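Novice: The structure under discussion is supplied below as structure tokens; questions concerning it will follow.
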Amino acid sequence: MTDASYKSDLVTRANKLVIGNWKMNGSMESNHALLDGVLVGLEQAGCKAVVAVCSPFPYLAQVAGLLKGTAVSWGAQDVSAHGQGAYTGEVSAAMLSEFGCRWAIVGHSERRAMHQESAQLVADKAEAAATVGLTPVFCVGETLAEREADRVQSVIAAQLAPLFAKGDDLVARTVVAYEPVWAIGTGKTASPEQAQQVHGFIRAQLPASAKSIPLLYGGSVKPDNAATLFAMDDIDGGLIGGAALVAKDFVAIAAA
Ligand SMILES: O=C[C@H](O)COP(=O)(O)O
């Protein structure tokens, strides 16, 4: 356990939370059109959910400008575990915070798999984010092989353990996103019951003071399955990939 004190707010599941992860997609022109469509669509739908988008780093300033004065917040798709220094290519939490970043995704399965990010590194990133006031969106999830080997709970528990080891205060300032790797970008969504089973497991593992943090589901969420997923007891919203790139789909999911 560390002595870190965090500047980020405590987060609760009082409102549905829908976060778009654009991954490595976009352009100045398409971002503008997408956000115009999202903002108009959310207003027309009378959407009550908390909505955010996480763009690639080069577009964060553009996104910040386009979202200024709106109810939609923005975040980054990754953040360095380090404060500053000789870390070529990394972006610190303080740099993001300086111009209004609200969220930082950490531990997305694409980064765990393609960039060999360890569970400890992901927890260190979450701590770095919360230390300067960003809310970490902490991704966990099993591969298909791990599911078939009946290892879902042990895999998720191992991914969460280094976060929990940093103390209850950090956990209470974190959003956890369950994203089964086999459902990401594949069109194979976990059934609402499969997702709820894991969300219920995660909720049960949370320390008492963090029981009401939002637990998001991610993995091929679309307008036609969002409502049934979000209706489950422990699913408080979604982390949306492909559908976040289509304004009407993202709005439909946020309004589901
Ligand atoms: O971060 C988002 C997830 O990886 C889900 O992506 P997807 O909605 O394209 O399956």
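Just so it is clear, glycine is given a Cβ too, placed from its N, Cα and C backbone atoms.
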Novice: If TrEMBL says Asn21, Trp22, Lys23, Gly185, Gly241, Gly242 bind substrate, which of Ser5, Ser209, Ser220 does it name for the same site?
Specialist: Ser220
Novice: Report, in whole Å, the straight Cα-to-Cα distance of His108 (active site, electrophile) from Ser220 (substrate binding site).
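Specialist: Taking the Cα atoms only, Ser220 (substrate binding site) lies 15 Å from His108 (active site, electrophile).
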Novice: Do you know offhand how many angstrom separate Gly241 (substrate binding site) and His108 (active site, electrophile) by C-alpha?
Specialist: 11
Novice: Around Gly241 (substrate binding site), how many other CB atoms lie within 10 A of its CB?
Specialist: 21
Novice: Tell me, how many other CB atoms lie within 10 A of the CB of Gly242 (substrate binding site), whichever protein chain they belong to?
Specialist: 19
Novice: Using a Cβ cut-off of under 6 Å to any atom of ligand 1, determine which of the binding-site residues Trp22, Lys23, Gly241, Gly242 qualify.
Specialist: Gly241, Gly242
Novice: Note down the number of other Cβ atoms within 10 Å of the Cβ of Ser220 (substrate binding site), including every protein chain shown.
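Specialist: Step by step: centre on the Cβ of Ser220 (substrate binding site), count other Cβ atoms within 10 Å, giving 20.
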